[in-house]
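> Okay, handing you the structure first.
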There are 2 protein chains.
Amino acid sequence: MPSRLKRLLIGRPMKSTELELEKLSKLKALAVLSSDALSSVAYGTEQILIVLVTAGFAAIWYSIPISLAVLGLLLILILSYRQTIFSYPAGGGAYIVAKDNLGVSTGLLAGGSLLVDYILTVAVSSSAGTDAITSAFPALHDDRVLIALTMILFLTIMNLRGITESASVLAIPVYLFVIAIFVLIVSGVFKYITGGIHAEVPEIGTAVSNVSLFLLLKAFSSGCSALTGVEAVSNAIPNFRPPAERNAAATLVMMGTILGTMFIGISLLAYWYGIKPDPENTVVSQIAAATFGRGILYYAVQGVTALILFLAANTAYSAFPLLAFMLAKDKYMPNAFMIRGDRLGFSNGIIFLGIFSAILVTAFDGHTENLIPLYAVGVFIPFTLSQLGMMVRWLKLKTSGWVFRFAINTIGMLTTLAITLIFIFTKFNQVWTVFVFLPIVILLFFQIHRHYMNIASELRINMQQDKPVIKGSTIVVPVAGITRVVMNSLSYAKSLTENVVAVYVGFDDDDIERMEKKWEEWNPGVRLITLRSSYRSIIRPIMKFIETVEWKTAETDHITVLIPQFITKHWWHYILHNQTSLLLRAYLFNQKDVVIATVPYHLQR
Amino acid sequence: MPSRLKRLLIGRPMKSTELELEKLSKLKALAVLSSDALSSVAYGTEQILIVLVTAGFAAIWYSIPISLAVLGLLLILILSYRQTIFSYPAGGGAYIVAKDNLGVSTGLLAGGSLLVDYILTVAVSSSAGTDAITSAFPALHDDRVLIALTMILFLTIMNLRGITESASVLAIPVYLFVIAIFVLIVSGVFKYITGGIHAEVPEIGTAVSNVSLFLLLKAFSSGCSALTGVEAVSNAIPNFRPPAERNAAATLVMMGTILGTMFIGISLLAYWYGIKPDPENTVVSQIAAATFGRGILYYAVQGVTALILFLAANTAYSAFPLLAFMLAKDKYMPNAFMIRGDRLGFSNGIIFLGIFSAILVTAFDGHTENLIPLYAVGVFIPFTLSQLGMMVRWLKLKTSGWVFRFAINTIGMLTTLAITLIFIFTKFNQVWTVFVFLPIVILLFFQIHRHYMNIASELRINMQQDKPVIKGSTIVVPVAGITRVVMNSLSYAKSLTENVVAVYVGFDDDDIERMEKKWEEWNPGVRLITLRSSYRSIIRPIMKFIETVEWKTAETDHITVLIPQFITKHWWHYILHNQTSLLLRAYLFNQKDVVIATVPYHLQR
């Protein structure tokens with residue numbers, strides 16, 4: 001049953017050779033990897049305006065230069081990540097680049113930061129998508145956690161089904177969103193030019209007395225939250241069809257162009273239309289209402305915006321399992337993250353991401369807004385480290401034209417570092433937890449690594465000297481009576497060695513005497529040892545007996561304990577049998593250095 | 001840790017020989033076994049008055065003849081159960097008596113009815129006790145389920161600690177309750193005689209026009225709910241100190257006398273004081289207030305009443321595990337109910353009772369009042385069957401004086417049958433579920449029985465003909481590389497037989513070639529078979545390989561699969577290792593008829 005359900009949800013298992021077919025074309029990659037970045041358009045401009053409007057309506061003209069600055073930063077990031085893609089065609093996330101050039105600890109800092117961040121992305125996006133739904137249908141407000149969890153479950157299953165298949169389903173909303181926003185921008189600009197909008201807006205350059213540098217920096221850093229998700233492409237190069245790095249670079253540039261155009265378009269329209277941020281009505285919604293009126297086009301824009309916010313989480317589903325795979329390959333995360341599942345995705349990473357984001361959503365009761373700054377810091381730390389790593393790389397390699405490339409990465413590094421610091425200084429009370437979590441995560445990485453290294457050295461053998469050695473063998477068979485099961489076990493034991501001893505635990509002298517007599521009568525050719533238990537426990541006397549056997553023969557013999565076990569026809573029949581054998585097995589396994597052989601007895605009825 | 005916690009809660013394990021010391025003296029038995037019956041005094045009279053008052057205040061004089069009728073029934077029950085005790089000194093609950101004289105099915109009907117009833121008892125009593133507490137402290141009203149569950153947990157732990165010890169703790173409230181009620185009755189009677197009460201009450205014999213026979217029967221059956229719990233002593237004879245049946249009979253008579261006196265006393269006072277039932281103020285509370293005024297004595301009576309209601313559940317804790325033991329001994333319930341725990345109680349029965357009553361309390365959100373009629377029917381069905389069984393017994397045995405004894409049981413049978421029928425007819429909508437549940441429970445009993453009988457016949461051997469047979473042996477060792485673990489496993493396998501084969505699953509040709517070369521280089525003296533897995537699964541190719549081995553050698557050889565297993569130093573290290581070996585073990589175990597030997601490898605670091 002469970003396996004049939006799995007088949008239904010996830011699909012048939014796929015051969016390893018089908019992996020190539022699972023790889024992404026540029027257009028599909030754009031859909032899978034850019035939903036996080038593109039969805040930022042839905043709130044980027046608004047984040048800037050919210051900060052500026054605290055200094056009065058006159059200050060909103062600053063949104064234009066700030067948007068241009070964000071656009072400049074986007075350009076720098078795209079250029080520098082393009083360089084990374086070609087330098088690390090096997091997949092160059094911040095983890096690889098930082099580890100390669102700045103050392104393991106820095107790499108783990110970048111990697112850990114991103115891993116935590118992907119979990120936050122899923123939690124925040126699914127909550128934001130839920131908000132969009134419950135704004136439209138207020139009756140659902142009490143079920144917000146349930147809705148968010150359902151979406152996480154849906155994304156998890158889609159991603160377990162495999163990359164291509166989920167891309168096919170999930171690409172449509174991304175394309176629809178891009179089309180909707182472009183139609184909005186073109187119509188909006190057309191309406192503005194033809195004089196259809198009559199809003200009074202402060203002119204660019206107007207002096208505003210209470211605008212401080214701190215405020216502008218805060219507005220800028222808020223706007224930079226629109227850039228999260230840009231790194232996804234460079235992490236996911238192995239998912240591209242060959243030539244992977246070319247396709248990845250092209251996809252990155254495509255994404256940057258679309259994102260930049262949409263972002264600046266929305267910012268311009270917001271300024272021209274004189275839009276004030278309103279908690280009840282998003283900036284995009286106001287623009288759409290002013291452009292189209294509250295008709296079918298307006299609701300179309302709102303609908304796809306809600307969808308894309310949901311799907312932003314999907315980027316994390318592509319990036320997290322790959323990053324976890326890389327960390328696991330380097331032995332900083334459990335091996336389990338290296339296994340490809342039935343559908344060739346890294347199932348354990350996908351499931352882990354789903355579970356932890358679901359926990360976050362539940363713990364925060366669906367109100368994950370406070371996690372947004374944390375999430376931005378979690379992106380800009382690896383951004384900075386990755387650029388710094390590239391700088392070191394150019395200095396080391398000095399390939400032709402390295403000075404120009406070094407310059408790009410230096411500018412990138414300085415800007416992203418600045419933004420990280422601005423985030424930390426302007427929103428410390430919301431981001432301090434990062435300084436608690438990251439060290440713990442990195443410590444865990446190191447502990448896992450040490451464990452794997454220790455074990456590897458413990459298990460290593462010298463192929464010339466270490467060979468299997470033949471010893472004697474003693475087999476202990478605990479018996480509870482004289483039955484077919486005991487007969488089978490003794491047959492098995494006697495087939496392997498002459499040293500077989502049966503052991504029986506009795507609760508009183510009569511009991512023991514009766515058993516000894518019956519055994520003599522049966523005469524199976526195996527010696528019976530009887531033990532008396534004062535405490536009605538079967539386990540303890542047997543454990544003690546095995547200690548004695550170990551003490552006598554461990555030097556010369558392998559000791560095997562034979563445990564017969566019923567296999568019932570129906571699972572619920574198990575409750576009808578005392579699970580002493582399971583208990584004995586668990587005790588022996590944890591406390592003794594003996595081989596435990598389970599002799600199955602399949603019950604026919 | 002868990003075992004230390006268990007020790008703290010339950011106490012040190014006890015030797016089987018300490019069982020005699022655990023047995024109950026008459027006084028302690030009275031406390032342990034009578035709390036259910038005695039607590040009925042707190043609501044018995046009230047149940048009668050509630051029914052009568054629906055026909056007007058003038059009808060309340062009927063409470064005196066009805067109480068006398070209940071008293072008469074009590075006398076009959078005590079006499080007939082006394083006869084049962086001497087006839088079945090090994091413990092003669094309704095199950096034993098009915099099974100012995102009326103056949104297995106009837107016995108199971110009685111037994112199943114009682115088992116379900118004990119669970120109801122615990123649920124109802126803990127809820128009633130909680131009501132008493134929350135009436136005193138209304139602030140706790142929202143935590144009623146939590147309080148009831150805490151009480152169930154407390155009773156479960158006390159009973160796991162052992163019979164004597166829980167008797168010592170739980171006896172005090174029972175004694176206090178008896179003393180309090182007797183003080184109340186004596187003071188009340190004294191006050192009435194000395195003319196301290198001036199209530200206008202309808203004279204006995206007054207004609208009341210709208211009193212129907214149906215009403216009187218309903219009032220009588222309601223009053224009979226005071227008799228639940230009387231059977232507890234006869235179920236628990238094995239718990240008494242020798243001479244067990246004498247002590248049990250004496251305890252039964254003691255309990256009957258106390259119960260009868262208290263019941264008739266409360267009924268008389270209620271009539272003399274002209275008390276009307278009031279949902280906000282119980283009859284006992286009204287009598288106590290009228291007798292003592294609302295002073296310290298009043299609160300003492302109320303306090304011990306609340307306590308005894310709670311402890312009524314404890315009777316079920318004594319009776320349920322014993323009855324379950326008897327059913328398990330006859331193979332109608334899982335063997336697990338036959339095991340005495342560390343403290344010599346039947347732990348599984350105690351835990352089962354605790355869990356199921358906790359589920360009931362939670363499912364009904366602490367409002368278990370509606371279960372009361374169900375619970376009364378559940379008692380009177382076995383009452384009737386037990387008396388019927390005794391009647392058959394006298395007819396069969398015809399010992400001296402049997403006619404008199406037969407007469408007592410016949411009267412008892414007819415009255416309890418009548419009460420059962422009255423319950424069913426007057427409260428059908430509350431008790432119909434019993435006709436759904438009981439058949440299911442009895443069907444389960446029979447299915448369990450059939451399973452055990454089938455298995456016994458399947459496992460039985462002919463001691464003269466069936467002896468262990470020696471066959472050949474083939475050992476399969478799945479290997480994942482060349483490590484110390486593999487070397488150990490091969491050493492073990494080679495010590496047992498010459499027919500050892502190692503099997504390796506590779507994911508591609510390079511992988512397989514590399515392994516074959518290394519194996520040749522190592523040359524451990526064991527043949528290596530390599531398998532190629534297209535689906536990245538290790539389990540499936542190995543399962544197929546073992547099928548082939550089975551097909552070739554199962555006739556002549558025992559097949560053993562050797563599975564190496566890491567035992568890590570810290571439990572959390574387990575997540576760092578792929579649990580392929582556990583998975584392989586589970587698959588083999590369920591699907592193949594091979595012996596699975598686990599070779600432990602204790603990691604040092």
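The backbone N, Cα and C atoms fix where each Cβ goes, and this holds for glycine too.
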> Which of these ranges is annotated transmembrane segment in TrEMBL: B:30-53, B:102-125?
B:102-125
> Against the transmembrane segment (B:213-237), which of these stretches has the most C-beta pairs under 8 Å: B:60-81, B:102-125, B:344-364, B:370-390, B:431-448?
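So the stretch in question is B:60-81.
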> Counting Cβ pairs under 8 Å to the transmembrane segment (B:170-193), which of B:60-81, B:296-323, B:344-364, B:370-390, B:402-425 comes out on top?
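Ranked by Cβ pairs under 8 Å, first place goes to B:296-323.
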> By a Cβ-Cβ criterion of under 8 Å, what residues six or more beyond either terminus of the transmembrane segment (B:402-425) are in contact with it?
73, 76-77, 79-80, 83, 217-218, 220-221, 224, 373, 376-377, 380-381, 383-384, 387-388, 390-391, 394-395, 431
> Near the transmembrane segment (B:296-323), which same-chain residues lie under 8 Å Cβ to Cβ, leaving out any that are not at least 6 residues past its ends?
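That would be 32-39, 42, 91, 93, 95, 111, 114-115, 118-119, 121-122, 125-126, 128-129, 132-133, 136, 151-152, 155-156, 158-159, 163, 166, 170, 173-174, 176-177, 180-181, 183-184, 229, 232, 235-236, 238-239, 282, 284-285, 288-289, 337, 345-346, 348-350, 352-353, 357.
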> Counting Cβ pairs under 8 Å to the transmembrane segment (B:370-390), which of B:60-81, B:102-125, B:145-163, B:344-364, B:431-448 comes out on top?
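Selected stretch: B:102-125, with the most Cβ pairs under 8 Å.
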